Protein chains: 4
Amino acid sequence: MTDDLQAIVEDIHVKLQERLGEGKVADYIPQLAHIDPKKFGIAVVTVDGKVHSAGDCNEPFSIQSVSKVFTLTLALGKHGETTWNRVGREPSGSAFNSIVQLEQEEGKPRNPFINAGAIAVSDLVLAGHTPREAIGEILRFVRYLADDEEIAIDPAVAKSEEATGYRNFALANFMRSFGKLTHPVEHVLGVYFHHCAIAMTCTQLAKAGLFLAANGRNPMTGHTVVSRQRARRINALMLTCGHYDGSGEFAYRVGLPGKSGVGGGIMAVAPGRASIAVWSPGLNHNGNSLVGSLALEMLADRTGWSVFGH
Amino acid sequence: MTDDLQAIVEDIHVKLQERLGEGKVADYIPQLAHIDPKKFGIAVVTVDGKVHSAGDCNEPFSIQSVSKVFTLTLALGKHGETTWNRVGREPSGSAFNSIVQLEQEEGKPRNPFINAGAIAVSDLVLAGHTPREAIGEILRFVRYLADDEEIAIDPAVAKSEEATGYRNFALANFMRSFGKLTHPVEHVLGVYFHHCAIAMTCTQLAKAGLFLAANGRNPMTGHTVVSRQRARRINALMLTCGHYDGSGEFAYRVGLPGKSGVGGGIMAVAPGRASIAVWSPGLNHNGNSLVGSLALEMLADRTGWSVFGH
Amino acid sequence: MTDDLQAIVEDIHVKLQERLGEGKVADYIPQLAHIDPKKFGIAVVTVDGKVHSAGDCNEPFSIQSVSKVFTLTLALGKHGETTWNRVGREPSGSAFNSIVQLEQEEGKPRNPFINAGAIAVSDLVLAGHTPREAIGEILRFVRYLADDEEIAIDPAVAKSEEATGYRNFALANFMRSFGKLTHPVEHVLGVYFHHCAIAMTCTQLAKAGLFLAANGRNPMTGHTVVSRQRARRINALMLTCGHYDGSGEFAYRVGLPGKSGVGGGIMAVAPGRASIAVWSPGLNHNGNSLVGSLALEMLADRTGWSVFGH
Amino acid sequence: MTDDLQAIVEDIHVKLQERLGEGKVADYIPQLAHIDPKKFGIAVVTVDGKVHSAGDCNEPFSIQSVSKVFTLTLALGKHGETTWNRVGREPSGSAFNSIVQLEQEEGKPRNPFINAGAIAVSDLVLAGHTPREAIGEILRFVRYLADDEEIAIDPAVAKSEEATGYRNFALANFMRSFGKLTHPVEHVLGVYFHHCAIAMTCTQLAKAGLFLAANGRNPMTGHTVVSRQRARRINALMLTCGHYDGSGEFAYRVGLPGKSGVGGGIMAVAPGRASIAVWSPGLNHNGNSLVGSLALEMLADRTGWSVFGH
């Protein structure tokens, strides 16, 4: 299927040419507003380590919320199942940055993939370290996952969010008011804004997610990142909560665990088969990459990789 | 694995003996309140048609909301994708009978598995027929799925709900006030209460769900019920929305699409492998069978059937 | 001031001519949709029993929610302060027919002037009687208040609401599901729809409210209706809750306790001075008479009758 | 009545001795947690300038949210009716620090007396000035109202809130995220925390509110503070919104416009008669002084000053 896959990936790229530019590029982070809306990249890394890619697959983009999968993995490594004392595991049924449920549930976010939940996870990753140390640890972890030392944080993006991320300041202060953050708000958000500002290419991102497609072990490096059970569970969380209030739609159309970011990236996992990354900056009304979602729907359709059939 | 499976199923039955009786039996439907809380049944039907079962697997129980999978399948057969004009596909992030989101979303329920959504589906199944005709059609459909003409509706349960189901009357009238029901409220709820009152055994229920494990075709009868794509999509909906506000938890722990009912039944699907039904009347705080969920977690653990790994 | 008052009332009528027809006539009750939107009536009855009026002040209109003041008064007479076990005394901060707060507060409505609260009050007025008896009692009470035996219920309006008032059926069933109604939903709503369908002229309505302007005693008939304290308290409730989510606005602009109805009527009270009724069918976005509110603002301005200054 | 009033005030003090200490002293501002819960003061200043007082009426306490009446008055002086573009005039129907409605209404607070609304008002008072200048202006204004140059801000209280007021930081950042604040969050909250930290005695506070009882003109100083209409309107806002989600209750029991603060103070206005201040630190479940509310209920009862009767 290797040859087929490359052909499929290229065909998807061709077929989506006419859709490029659809959706709305995120503009609330000024640095992201300048991206060419017609960018499109796709990379598929199979569990045997072969890479299939097309388009702007080697151009770095801001992974934003896709990074939440990596920080959750780190937090679970540090705190195990006690992580869930601080953040839930249920779909939110509301927008990615909603504060309403946070009030109803007294500062405990519904899941680690909405903003509030990822902020709680940043607090867990800090765990007594300085923000600089925690940011360094996250970056090293992502480089280790992707086996690529060139991955870096875009400081302009981090700074841009730090200056304008009022909603995230609101969420963090709100959680703090319920005693649900253990570090200063500025430290926690420093970590959060920086891990969201990690820049990666589709190829790097697909490689970084490979451990989730292969029962916790990255077959390209031989590193066991998490246990088989934990890999499954992170995939379950991505499937139910990975696309904000469009998670049900993504499961219905694509049928793969995945996590999106407002930079237009999506990382998806076909368990036992492959890790996939797509990038297209225009977002749909739920804040997920519009053309990226289409690409994954086409890929799942052509490969039959849905987790819901065989 | 067939011999193994029977052993696993029996072992689960033994291991859960000490947990039987945990949870709270639904008492808002008077007829259900009298069930022995220590009942427990499990049936696993593999795609090759073999049945593995233990406990009270041949005692009929009220399937309640599990029936929503069957009425959705019927509605999709009648109305295709236009079904989604009337009901959404997103997890609700709130209780099974909440009316709050219904107001925010102007009478369009979030998904077909919460009460409001299933009421909208009943309206679609009615489609110009009398309630009696629609109820008959649903019952025939379930018998056809399970290949068992003995399946019946318990009229006392239907009547009991009709007399006390104020919340459902509220939901239906609320949708009607937004112009979102096309038949009289009494007709729609007549259909709804009756399909919820279908009584089935674990064995019957597992057989009825087999088409979802086998890409839309029931391998025991040879009937193609739905297309491969539709089977996957119904599974996706069960995974993201099948356990009310405990759907994320069920995906995390069990990793299989499933649908629960307040009668204590759960139907789950391991795509390509098997259809499973469990029954234990005590419910957890989200309204899902407490011991039934444990049984499925143990089964998924022992068989490795999670859709999130391989 | 008597002569002045008549001049003021006539002047208001003249000045508002050009605004008549503004706002939106309620169309959710079909019978109300046919009213001429340019109707306008005003009647001011001072505590010395003098009547000052203009426009269509002697044409009966559907008083709708204005009747809630009378049913509350009756319920307080029957149940005293225990009435407040069933309904709160706080502004709702949401629309007149919202169901959201009702879920959060487990079926106890925020105040007696939103629909849910008035339905709870109807349940209290029933108090073991048949709906027919309760409706008769309410009608007799209103006739007694206005000292006018010609006041009647418009059966076509009651029937019209009974056939289409899905939202109210939803609210009542919702409360019933929390065990917060003691009579059958149909009985309670029968009472509710009929008291809302009382038809009165501005003159009749102003007379009926006079006891609230005169410390509980109707100076025209000499009847003591309620105690001085209760009259004040009903006025307080009208001021904080009498105009749904426009109560703050009405207090700000008019400064008098008042209760509006979707038929376009408003009854207002200037304690120690007068009782006032206005009628103009076009409603503002909060469901209160647009021109009627303007008329009361002009009247308060010209007379200096605001309760917030002297 | 002057002699009577002093007797009434003293009698209330005596009668409430046994209730002193009830309620819960606010502890979320550490500096306030140390107050003796048995403190009680009352001062009534009639429009003829006579002062009647009892208890700890000359001991300064932190006026907290009572200050919102003064900042609103200042903002209305600077911005007139355009103030209402930034903040609404409706009761909130929820807790004083709720963020839920703020999300639904896109960052425009419901009224100027809940925290979010008062923060918006602080932003309006800033109006291009430095926080220091704005704080100075507010303090001078309050001294001018009370005709007392000794009134001061307690810097320890301001600092205490600045260090722990996470909820207010959340509210302010949230509004900023909707573009509803024009100055930096830190500046706005600097102003807010400082005006809440003004310390006043009951006597000073009653004097400062006297202009609201006397149609906008302080009869003791002869200063016209606001127009007659504006005085009425501020009173209307206090009546409908001055006690958070207990405003309806306060109107029902006391029947006077008033504004409470978590320091245990309440300022109330009997139009045409008097301005009143009470202080008792223990709060009821809505965050209003428990014994202070009782004192005002007794006073209104004894004097007949309710605005809802005569």
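The backbone N, Cα and C atoms fix where each Cβ goes, and this holds for glycine too.
A TrEMBL annotation is a machine prediction, not a hand-curated record.
According to TrEMBL, the feature substrate binding site maps to C:SER65, C:ASN115, C:GLU161, C:ASN168, C:TYR192, C:TYR244, C:VAL262. Over all protein chains present, the Cβ of C:ASN168 (substrate binding site) has 24 other Cβ atoms lying within 10 Å.
Of all the binding-site residues listed here (C:TYR192, C:TYR244), the one with the fewest other CB atoms within 10 A of its own CB is C:TYR244.
Binding-site extent for substrate: residues C:SER65, C:ASN115, C:GLU161, C:ASN168, C:TYR192, C:TYR244, C:VAL262, maximum pairwise Cα distance 20 Å (rounded to the nearest whole number). Around C:GLU161 (substrate binding site), the C-beta neighbours below 8 angstroms that are at least 6 residues distant in the chain are C:ILE29, C:ASN168, C:PHE193, C:CYS196, C:ALA197. For the recorded site, C:GLU161 (substrate binding site), the DSSP three-state label reads helix.
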